2 protein chains.
Amino acid sequence: MDIENAKIPQATAKRLPLYYRFINNLHSQGKMRVSSKELSEAVKVDSATIRRDFSYFGALGKKGYGYNVEYLLSFFRKTLDQDETTNVALIGVGNLGTAFLNYNFTKNNNTKIQIAFDASDDRIGDTVGGVPIKHIDELEEYIDGISVAILTVPAQAAQGIADRLVKANISGVLNFTPARITVPSSVRVHHIDLAVELQALVYFLKHYPLDGELEDEL
Amino acid sequence: MDIENAKIPQATAKRLPLYYRFINNLHSQGKMRVSSKELSEAVKVDSATIRRDFSYFGALGKKGYGYNVEYLLSFFRKTLDQDETTNVALIGVGNLGTAFLNYNFTKNNNTKIQIAFDASDDRIGDTVGGVPIKHIDELEEYIDGISVAILTVPAQAAQGIADRLVKANISGVLNFTPARITVPSSVRVHHIDLAVELQALVYFLKHYPLDGELEDEL
DNA sequence: TTTAGATTGTGAATGATGTAACATTTCCGT
DNA sequence: ACGGAAATGTTACATCATTCACAATCTAAA
């Protein structure tokens, strides 16, 4: 919330978690220093872009030397609020939901899936990836202290559940359903539409020159 | 490949599948006409942006009237090469891979997952969502006629499999692993990194004003 | 047929992002 | 201690994308 961070471009903010993970890798490999050029090859982002991104946070590197891995790491840890974890709920324990629960989010991350909900009676009471599953009817009872929801339910259910999440004071939603949900402007929604991603890739392949293009961020 | 399509901005191209799906919805609801304003509310994209996007394809609408749903639909069907399906392979039938296989991609889409591969012996020979599963060792035998691969394998395996896919003449890869794979510039790669998406959402929540912002595309 | 109302398509303004290029500074071997 | 090599931080530019605002045009109803 400080003034400095308020000015960081969204495109940069989206790359921060990526940088963080690779810096973390370097650190566990015992590497002491890294240049923007090396980092560029690893994360597939132009080195000038990396330097620009880092510069929003001040002078993190040293000219002629590069960046100190340890320092970068501790800086990113602090900046990405690594220590203060955000509590997440997952709604819809289907295939996609299960994938998320099994994904090891606690490692190197500032987020933790605390609880999951599902409509099918079979799964209630189980834990998947260490996360307990409750019935969706009990959403309001258990959602206290949760600020972000991952929505992996069938498309028809999306808006209804979104409404309940809003009432329960959620701050952000990661929406994996094809439905575009409507929420108050105080709630942030990111849409990730798997079918659209695949179709867009196919469209690019058919209509854009294949050669000399760098691969894209999503 | 025609000259007209070559000039369409990438940002627009990414929205086309989204438009297509919603126009399809309208059509099955029996709606005859639609304005950019209505469409805007449904897909959460500014109405001027929608009009601009459509205008790259010529004058699809009529002033004072809006767009004819039937006409729009047939136009998008043609433009997105709805009739000529792209064959897709899925590598890695874990939770995330299974989610993809069960997702109904044949409905309203120009893509079809023809075959899946996995390293675990248990699943070989099964079909999931109508898609047969082969062993990853047999990749090269079965990949003929496949132009796109969905990569849902563990991160360590990603680069090795990418190399094999490139040798097998793949055109595009949808990479769901955290690894950033290296491929020749003739191959298009889109990265979708679930952990990064979640972290980025959390970062935005903590550092950007909550109110008055429109929700984001991913 | 005329008119009021609606909505497109687009020129122009604005904003956001990416990248080339280089002066500046630091490192490090001799 | 010095000079060359290296790599940052940033200025300037180029590109891409979004949005405003409105003339042009159409519909539909009286």
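For all residues, glycine too, the Cβ spot is worked out from N, Cα and C.
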- Message: Labelled DNA-binding region by TrEMBL, one stretch among A:18-57, A:58-97, A:98-137. Can you tell me which?
- Response: A:18-57
- May I ask which residues of the same chain, at least 6 positions away in sequence, place their Cβ under 8 angstroms from the Cβ of A:G94 (NAD(+) binding site)? A:T152, A:V153
- Overall pLDDT for the domain 'CoA-binding' (A:81-180), taken as the rounded mean: 92
- Taking DSSP helix as H, G and I and strand as E and B, the DNA-binding region (A:18-57) has 28 helix, 2 strand, 10 coil
